[in-house]
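Engineer: Have a look at this one.
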Amino acid sequence: MVKIAFNTPTAVQKEEARQDVEALLSRTVRTQILTGKELRVATQEKEGSSGRCMLTLLGLSFILAGLIVGGACIYKYFMPKSTIYRGEMCFFDSEDPANSLRGGEPNFLPVTEEADIREDDNIAIIDVPVPSFSDSDPAAIIHDFEKGMTAYLDLLLGNCYLMPLNTSIVMPPKNLVELFGKLASGRYLPQTYVVREDLVAVEEIRDVSNLGIFIYQLCNNRKSFRLRRRDLLLGFNKRAIDKCWKIRHFPNEFIVETKICQE
């Protein structure tokens, strides 16, 4: 006898359910594997992004520190420490005809100035305001002991006049500080005499960039002329002089009257 067997519906359903479970488990495993990989990639990307942020912040910190240090150095170079001194001296002008005819006590004329004295730079910057009782011009004057130069900026004409520094009549900055200290304390009698300079503008200076930063700042973009002493000019024609003017200041314990003539 031959037996013929048939799958019952219940067995078919169990087989299909088993296959569904296996497929679900397979998809779950694949999903977990992919999720793990994605998490690792995301973690690596996050770590890489954090590293780049740290490097960027570190670079910005170095740049900021460099800017601060560089700015401080530039400020120190261009804005060095200095003290403004103010003082006044009086002098008797013996060449004034009015004084020679005047009887009694002599008439002393005041010379007032402000001095920006920078001992570290070995320089004195003197500001001579408009005088009240004399015929001299207001001026800005630089005595640069490092460069060995003196520069006069006539504030009425707007021109610069340059000459070698005359150390026989200009005190070094340290001594000038002491002089202004005496004037301020009243320990020095501010009545003195006059030393006269007779100078002539002989040639125009086109470039002042090699004369130091201070003279450059004073005279750049201005007409600048070289000064020579009149007594050193051979064959000098006095008739060629068109105009002369005076600048008075005290770079010492006396007044210096600088007479400048120009064609």
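Placed from the backbone N, Cα and C atoms, the Cβ positions cover glycine too.
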Engineer: Consult Swiss-Prot and report which candidate among Cys90, Cys160, Cys261 shares a disulfide bond with Cys219.
Structural biologist: Cys160
Engineer: Would you mind reading off the Cα separation of Cys160 (disulfide bond) from Asn166 (N-linked glycosylation site), to the nearest angstrom?
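Structural biologist: Approximately 17 Å lies between the Cα of Cys160 (disulfide bond) and that of Asn166 (N-linked glycosylation site).
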Engineer: Please work out the helix, strand and coil residue numbers for the domain 'BRICHOS' (133-227) from the DSSP assignment.
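Structural biologist: Counting residues per DSSP class in the domain 'BRICHOS' (133-227), I get 23 helix, 36 strand, 36 coil.
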